[in-house]
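The domain 'Lactate/malate dehydrogenase N-terminal' annotation in TrEMBL covers 6-153. Residues or ranges marked as NAD(+) binding site in TrEMBL: G12, A13, A14, G15, Q16, I17, G18, D43, N106, V130, A131, N132. The substrate binding site annotation in TrEMBL covers R93, R99, N132, R163. Annotated domain 'Lactate/malate dehydrogenase C-terminal' per TrEMBL: 157-325, in sequence order. The feature active site, proton acceptor is assigned by TrEMBL to H188.
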Amino acid sequence: MAKQPVRVLVTGAAGQIGYALVPMIARGVMLGPDQPVILHMLDIPPAAEALNGVKMELVDAAFPLLKGVVATTDVIEGCTGVSIAIMVGGFPRKEGMERKDVMSKNVSIYKSQASALEQYAAPNCKVLVVANPANTNALILKEFAPSIPAKNITCLTRLDHNRALGQISERLNVQVSDVKNVIIWGNHSSTQYPDVNHATVKTLPGQRAVRGLVKDDEWLNGEFITTVQQRGAVIIKARKLSSALSAASSACDHIRDWVLGTPEGTWVSMGVYSDGSYNVPAGLIYSFPVTCKNGEWTIVQGLHIDQFSRKKLDLTAEELSAEKALAYSCLS
């Protein structure tokens, strides 16, 4: 029996990340090579013509798995019946803008989109927030979509996770697929903590610890961390545009692992609703190591956190608490 198509929403679909993301979804990169999809592409009215152009290209590409395209500037039409929502649209920070200005713009965007998802999306809709500030935008969305389970609202830190894997694979000159179990803790911002203390590399004798193979704690505790933290800014400097291809690819990875499961013995990083694990304040959307099975994520428990790591975990939690307070002040 052929599978029923899954309705997938991409907001900001006419933008850079959207343009890279929709063909990946239509090709089966996100949900598998046998899962038909109906794409819902939502953008703002000034982008309507560009959005229509993307729709034409999707038609022209003749993707066998693509069973329909809804291209719209109407938030209700965009959200109706969707089982997966990837929230790429947001208000970018412009020169001279204060953080509060950006936050208040995003609060109003996420408030209206959350309300539409709440009323019109499929009951067990899974949500991934990509637009920055991603963790706090996800928190606002959760606030205004109370019937969507908290565990179904996540934000993207898989891009940072993949960046960390890439840095280790380059440093050790190994295949990136042989490196696993790095962790991104905290906020998708420059306070995030890329942690390799539990990461391993597949070698001929078996799994070996990244720290033992790199043999350079100064690099791992210094330059490696800042490289991952600052990677987005470095790419903007090089491309004169922000990372779109890697963001789209990691959004696919995030949803694929969440829906189809993580390999045995492997965890990934996801921004999820904190339950107080690892002494991270409950009620923040915070990036943890997780495993996924049967469409559900579970925080990996019992990992040893050394003093160096503890400070890093607390620092990024403090930033998220301040962001949360700023966002809530914009609600009133």
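Along the chain as shown, residues are numbered 1 onward.
Cβ from N, Cα, C; glycine included.
The recorded positions near N132 (substrate binding site), taking a 10 angstroms Cα-Cα threshold over the set G12, A14, Q16, G18, N106, H188, are N106, H188. Take the Cα of R163 (substrate binding site) and measure to each of the recorded positions G12, A14, Q16, H188: the nearest one is H188. Sparsest Cβ environment among the recorded positions R93, R99, R163, H188 (other Cβ atoms counted within 10 Å): R99. Cβ-based neighbour count (10 Å, all protein chains) for N106 (NAD(+) binding site) stands at 24. The average pLDDT for the domain 'Lactate/malate dehydrogenase N-terminal' (6-153) in the predicted structure is 95. Note: the Cα of A14 (NAD(+) binding site) and the Cα of H188 (active site, proton acceptor) are spaced 23 Å from each other.
Ranked by Cβ neighbours within 10 A across all protein chains shown, the binding-site residues Q16, N132 are led by N132.
Sorting each residue of the domain 'Lactate/malate dehydrogenase N-terminal' (6-153) by its DSSP state yields 69 helix, 28 strand, 51 coil. Of the residues the record lists as binding NAD(+), namely G12, A13, A14, G15, Q16, I17, G18, D43, N106, V130, A131, N132, the two whose Cα atoms sit farthest apart are 18 Å from each other. With respect to their backbone Cα atoms, G12 (NAD(+) binding site) and R93 (substrate binding site) stand 15 Å from each other.
Counting only residues at least six positions away in the same chain, the Cβ atoms of T11, G12, M87, V88, G89, G90, N106, N137 sit under 8 Å from the Cβ of A131 (NAD(+) binding site). Rounded to the nearest whole angstrom, the C-alpha distance between R93 (substrate binding site) and the residue listed as 'active site, proton acceptor' is 15. Within the set of recorded positions Q16, G18, H188, the entry lying nearest in space to R99 (substrate binding site) is H188 (CA atoms). Cα spacing between the residue listed as 'active site, proton acceptor' and Q16 (NAD(+) binding site): 19 Å, rounded to the nearest whole number.
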